[in-house]
Amino acid sequence: MTNRAYNFNAGPAALPLEVLQQAQQEFIDYAGTGMSIMEMSHRSSVFEGVNDGAQALLRELFGIPSQYKVLFLQGGASTQFAMIPMNLLTPGKSAAFVHTGSWAEKAYKEAKLIGETAIAATSEADKFNRIPALSDIRLPDNAAYLHITSNETIEGTQFAAYPDTGDVTLIGDMSSDILSRPVDVGKFGMIYAGAQKNLGPSGVTIVIVREDLVESSPKSLPTMLRYDTHVKNNSLYNTPPSFSVYLVGLMLQWIKDKGGVAAMEQFNRDKTKLIYDAIDQSGGYYRGFADTASRSLMNITFRLGSEALEKQFVKESEQHGFVGLKGHRSVGGLRASTYNAVPFESCKALAEFMGDFAKRNG
Ligand SMILES: *Cc1c(COP(=O)(O)O)cnc(C)c1O
């Protein structure tokens, strides 16, 4: 038996054991080629099959309409923070943001380097413990687009529903919740996500974008930073992160085998309920950070009575085989990341550990 940790890492994060085992089996000799994926040309028909196959599965599982392009890029979601305004923020227009927390803030700051920006709504006064009400979103008249962070990985908040922006393009950073639940992709002009939380390993960034938005990028932009370059070349303009794309393909097949994205949502609800119940039924021993209505299915943030107890919790959890429960340094406390690949058993074990810990240190 392989000894697998109860892995609650925030990212890179757990991958399904089945996916790792398949990758292991195919590692040295992929599909009878006598080579690993990492050793073959990205222009070979074998790799083209991997690239196209991952794209097709993503389209199928996420219900991506035909007028959208799917790109596999590098540089992480953080590069998209800059590429989006470089490509889509035209002079005289403003990039609007729903300011929900740490990642929204980073995206906003990067856009500010490029052009005019606006905060359309913020929950900063509440330390980002909630997603602002959709009715509080105020778009500037000259909005080029509205950017939202569908799941704030650090604060542990998640949009329950998405805003209607009419003619204004809606852009979603779904790095930490892509494919965790069904999404009406047609509401968005663009969705992007670093793969290393919900969709595979680090090294590849998924971009889903409506084709009319990326037909022509500003002429002055460097080739690699233009969406039209990657659209025209089917994400193969330069050497892609081939092994990462391959693993994303395996992960997508795993999601499909589990019943698809709706089944993933139910699975994620069932497993996070165990941990939220452990918080809510602790009589105040554990305190959830996020407002109940904004709770994330992907990152569960909570606090104990003192920092000393929180330290003790992390230490003891590690002795019991749990990994990654320390909260992000910027907000403190504790965080359990429960992405698609995190097994039900890990969440059950954590809920039980939380109960035991409270009894022992009550
Ligand atoms: C992790 C994360 C990012 C940054 O992703 P990189 O791939 O490391 O650049 C951006 N947005 C959100 C919501 C994240 O969780």
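Residue numbers in this text run from 1 along the chain shown.
Cβ coordinates are placed from backbone N, Cα and C, and glycine is handled just like the others.
TrEMBL lists ARG43 with the feature L-glutamate binding site. ARG43 (L-glutamate binding site) falls outside any helix or strand according to DSSP and counts as coil. Other C-beta atoms found within 10 angstroms of the C-beta of ARG43 (L-glutamate binding site) number 9, with every protein chain shown included.
Annotation comment: TrEMBL describes ALA77, SER78, TRP103, THR153, ASP173, GLN196, ASN238, THR239 as pyridoxal 5'-phosphate binding site. Taking all protein chains in view, 24 other C-beta atoms sit within 10 angstroms of the C-beta of ALA77 (pyridoxal 5'-phosphate binding site).
Among the features that TrEMBL reports, domain 'Aminotransferase class V' is placed at 6-346.
Counting only residues at least six positions away in the same chain, the Cβ atoms of ALA10, GLY11, PRO12, ALA13, THR153, SER175, SER176, MET298, SER337, TYR339 sit under 8 Å from the Cβ of LYS197 (N6-(pyridoxal phosphate)lysine). Under the heading N6-(pyridoxal phosphate)lysine, TrEMBL lists LYS197.
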Binding-site residues whose CB lies under 6 angstroms from ligand 1, from ARG43, SER78, TRP103, ASN238, THR239: SER78, TRP103
Close in space, distant in sequence - THR239 (pyridoxal 5'-phosphate binding site), Cβ under 8 Å, 6 or more apart: HIS42
Where THR239 (pyridoxal 5'-phosphate binding site) sits in the secondary structure, as DSSP reduces it to three classes: coil
Taking residues ALA77, SER78, TRP103, THR153, ASP173, GLN196, ASN238, THR239, which bind pyridoxal 5'-phosphate in the record, the widest Cα spacing (Å, whole number): 31
